[in-house]
Amino acid sequence: MIEVTNYRDNPLIDPHLEIWEWQISVYLFLGGLVAGLMILNGLWRIRDREHETKAITNSAVLWAPVLISLGMFCLWLDLVNKLNVYRFYMTFQIKSPMSWGSWILFLVYPAQILAVAVAKGSDVFGGVLKGLNPLLQILKSITNGREKQIAWLNVVLGVMLGIYTGILLSATAARPLWNTALLGPLFLVSGLSTATAWNMLSRPTKIEHSSLAKWDFSLIITEMFLLLLILIGFLSGTEGHQSAGMLLLGGGFTAVFWIFVIILGLLFPLWLELREMRGHSTPAWVAPALVLLGGLALRFVMVQAGQVSHLPDTELLFGAVGH
Amino acid sequence: MSNEKPKPYWSPYMAGLGLGLVLLLAFVIMGQGLGSSGAFARLEYTLLHTVVPEHIESNPYMAHYFEDGANPLSNYLVFLVVGVLAGGFISGITANRFKKSVDKGPRISVKARFFLAFFGGSLMGFGARLARGCTSGQALSGGATLALGSWAFMMMFFAGGFLGAYFLRRQWL
Amino acid sequence: MNFPIESTGAFSFSTGMLMTFLIGVGFGFFLEKGGFSSARKLTAQFYLRDFAVLKVMFTAVVVAGIGFWGLVHLGMLDLEFTFINLTYIWPQIVGGLILGIGFIVGGYCPGTACVAATTGKLDALWCIAGIFFGIFVFSELQPALKAFQNSGEMGEVFVWQWLGVSPGIVLLGAVLMAIGAFSLGTIVENKKGSVVQPD
């Protein structure tokens, strides 16, 4: 990919319809997941509930920097000029979502480290990382009493990161499937949902688990509602939007979208969580595992289908680049 | 979690009727019967192809699945088996039959059961590839279409089962 | 109507795969309902204690067979666009035998192993691993076994063609055979009280 600008006048966009491969999908998935983890962790702390948690404010906090680094690694794998990565930080372009993104990612790390510092217990690090604990004690003494501010910082940056993962795509006007204002909120909600799922798999306490299941239930319904709105938006939109929508409604991405995103990624976990709430015996790990799978499938479908979707010739702003 | 009792299995005739109608539907809609071993092979070849592409390409039998840049996973049987997993899970969990367990006879250890499951699975993987289908692809689907070779397969399948059963009483009874 | 619908171009490949998935859900659902997620139930067939395998499979074959050939007879299902297993008689005979032995050793067949795994059977996971291994071995050896795998080639040939009768006669025979086998099976099951149920 060509860094910083990703509009259609970028000569690489049009002739090569699939220049973004799995790396971008995984990156967007992990970015959304980490955004969700930051928000959940922050909110839980703001509501003074960390004394009853294990997963949300402890293990999730430790995983967030690891996961975002993994995502950044995927993104870096995708860069053509791998050494030029520093240039992202030599500039700030207010109109470029990628520039915004790189700065958000830059700020996310310190916020996460502060979140680790205020995490409950002094033995957050164990095993190999035990050596880091003295450092943690120093950080703890600095951050003492500022837990709430740190929580808010994480929430705000989490929301920015979550929305950014959607905006990154929707800013590309030449790709009608991405060109919807709801993509940011969709990815944010999906990110939150995958984060609740991640926490549900991190051996949460009983209290945490029931809260997480309830949240996830509402998040899944919200996500389905957003997807419905997006699809209606496509069908009632321009010719380009309609053909983009048809990619998911009978076109080349129908199977993956409906099977992995809608049925297995949303409806199935929704049903399982409902069963669990009603007291039927249900293996607790299946629903969250499917939510994670669905979140990854959603990024995959949106990135791949989005690259195939294009404006009809009449709507082309830059006629010079052929199909 | 409540401990509800597992519900009994359906009458085999009802399950068979349902299965038969699904099979008929598969022919009516997609023009193909049911199968599963092909999906295993396709998944396996895809994984192998990402790890050792040259090796797979050098074997014409496996390379065939990648001809002209084809994706072996973009296939009828693969989507069918993903559905089978979902359908089996739905049926099992709604009947309270989902339970982490080892299905074995009373006289055999868990380890021995695992070993035999693996060994039997290997035989089936080999046999299914040789015969171009397994119990569902050959006996069930081929059986319904009255394909000659599939009926021969079905007879031999039962023959093999009865033959092996004599030697394996200890495992199951 | 023209069946198979897929051949009429009424839907795209991808939409077809969505329908295939739903068909698979039905397949897995009824397999599990029949008790095919339990190795003990499946293998009890071969000790003449539980005839579920025979009953479920033969009922399905007869129901689908009558529907299939009925639609062909009415001119609604076009055989040209329908996948029919080609007959390679020798590999099918040997493969069937190996599969039968593998089934009683392993406890499942490939499809039922999937269903068993989704109800939490750990032995089914080992069986699936074995299937992958067996496929690997065959695929590696296939160049050497190719001649045998292609032996006894008879093309698209049906039991009724081979017997020189109409499909209806064969299906009638299958129904009678099924009724006979089911009745015998039920008598034995009742006598032994040995139908396997989940525990």
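Just so you know, glycine gets a Cβ as well, placed from its N, Cα and C.
Taken from TrEMBL, the feature transmembrane segment applies to C:12-31 (among others).
Taken from TrEMBL, the feature transmembrane segment covers C:52-76 (among others). Outside the transmembrane segment (C:52-76) by six or more residues, the chain places 1-3, 34-36, 41-42, 44-45, 167-168, 171, 174-175, 177-178, 181-182, 185, 195-196 with a CB less than 8 A from a CB of the stretch.
Taken from TrEMBL, the feature transmembrane segment applies to C:88-110 (among others). A Cβ distance under 8 Å defines the sequence-distant neighbours of the transmembrane segment (C:88-110), meaning residues of its chain 6+ beyond its ends; these are 39-40, 42-43, 46, 116, 123-124, 127-128, 130-131, 134, 148-154.
TrEMBL lists C:122-139 (among others) with the feature transmembrane segment. With a cut-off of 8 Å between Cβ atoms, the residues of this chain six or more beyond the transmembrane segment (C:122-139) that come close are 37, 39, 102, 106-108, 110, 113-114, 116, 145.
Residues or ranges marked as transmembrane segment in TrEMBL: C:159-184 (among others).
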Spatial neighbours of the transmembrane segment (C:12-31) far in sequence, C-beta under 8 Å, 6+ residues away: 6, 37, 111-112, 114-115, 118
